[in-house]
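Report on the following structure.
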Amino acid sequence: MDGLEESLVVMRESFGRGKTRSAAWRKLQLNGILNLVGENEEMIFEALNEDLGKHPVEAYRDEVGVVKKSALHALESLDRWMAPKKAYIPLIFRPAKARVVPEPLGLVLIISSWNFPFSLSMDPLIGAIAAGNTAVVKPSESAPATSSLLAKLIPLYLDPEAIRVIEGGTDVSTRLLEKKWDKIFFTGSSRVGRIVMSAAAKHLTPVTLELGGKSPAIVDDLSNSDLEVAIKRIVSGKWGSCYGQVCLAVDYILVEERLAPLLIDRLKARLRKFYGSNSQDLKDISRVVNKHHFTRLCNLLKDPAVASSVVFGGSLDEDRLFIEPTILLNPPLDAEIMTEEIFGPLLPIVTFVCEAIPFGGVGESGQGRYHGKYSFDAFSHEKGVLHRTFYLELEPRHPPLSDFKLKFLRLLYAFDYWGLVLLFLGLK
């Protein structure tokens, strides 16, 4: 944190003199991100493995490949994004012309999370750069190898007068939040999100809060039409990405009571097929991030009523920060495991007799804009719905992981369809 004030002065001066506003500067930085990723991929893989035990396929699928795609998309779309848009003018103000011009906000703070420590630092930074801002990136101290790597690489590839990395723990985050920013982008827990929003409110700073929540999967008659595919997706969605330490991971399953025994048997079989039958030496799987989070997850199982609901797994190894994939059947709904986001390899199953149970909710997040169509948007929720058939399942997404699957993902993310054909023919 030494030199923080000087850094902020330099970055505000860079923004004030318009250095970051040109499309040329923005494109230069976006190309710098592509070079950073392309020239240091193995180092990024090593850091993610050291922090979280991520396999290179998982690291590429969820982090490195995501950042590449995001930077490329921003480069290809930047001119269109920056273009002014025509706006309606009331008759009383005519003759005139109006337009909506996207303006950069200024100096922004990006505080990232530990579960995707590379992509959750770089992806928001891509947006900040594309919009013409200067930015401070604060990586998570819970992923120290990735944080250190970002602090080393970003000054080598991006403009140090406009983009800087500041490392540190809670004390550093607290000091950063005391400063006045033009925008704060935070990814993390709802508890810390409240702290961030409270600090931002003192300066009326706009925020984007990417928080968590309880995210269920529902298994019913429709799922039963091809239960094996549904099971495969649930297992990958729960344990296949950062070992369930993801806000989008399946937090629990709602299932018709009559289907529960079959569901549990199929889940057990799929877990063994994906990760092996030796619970002490699972393959292709990440690990719990640190001792603090390990203890938190163990405490969720300490309630006797919760412990008695375990139907699979449950073994613990504190030295390796390992918790076996664990399935629970109908734990008490008022237990902490059912009221708090789990964020780990524990999967409760809750049965129901009929389909008349109401459930749902929204996150503890919200900042936006209003007037005209913007007011309509502010009071509407555009919900994304993904409808996928049970056919054409993309097998390389699933374990067991291999060099072939890494090649497949590289070609797929690059939209190299001819390369995919050659790969499957054994010619690449």
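Glycine residues also receive a Cβ, built from the backbone N, Cα and C atoms like all the rest.
No curator has checked TrEMBL annotations; they are predicted automatically.
Per TrEMBL, domain 'Aldehyde dehydrogenase' is recorded for 15-352.
Just so you know, the Cβ of GLU210 (active site) picks up 16 other Cβ atoms within 10 Å once every protein chain is counted. The active site annotation in TrEMBL covers GLU210 (among others).
What TrEMBL lists as active site is CYS247 (among others). Shown in sequence order, GLU210, LEU211, GLY212, GLY213, SER215, GLU341, PHE343 are the residues of the chain, 6+ apart in sequence, with a C-beta less than 8 angstroms from the C-beta of CYS247 (active site). Under the three-state DSSP scheme, CYS247 (active site) falls in the coil class.
Mean model confidence for the domain 'Aldehyde dehydrogenase' (15-352) is a pLDDT of 92.
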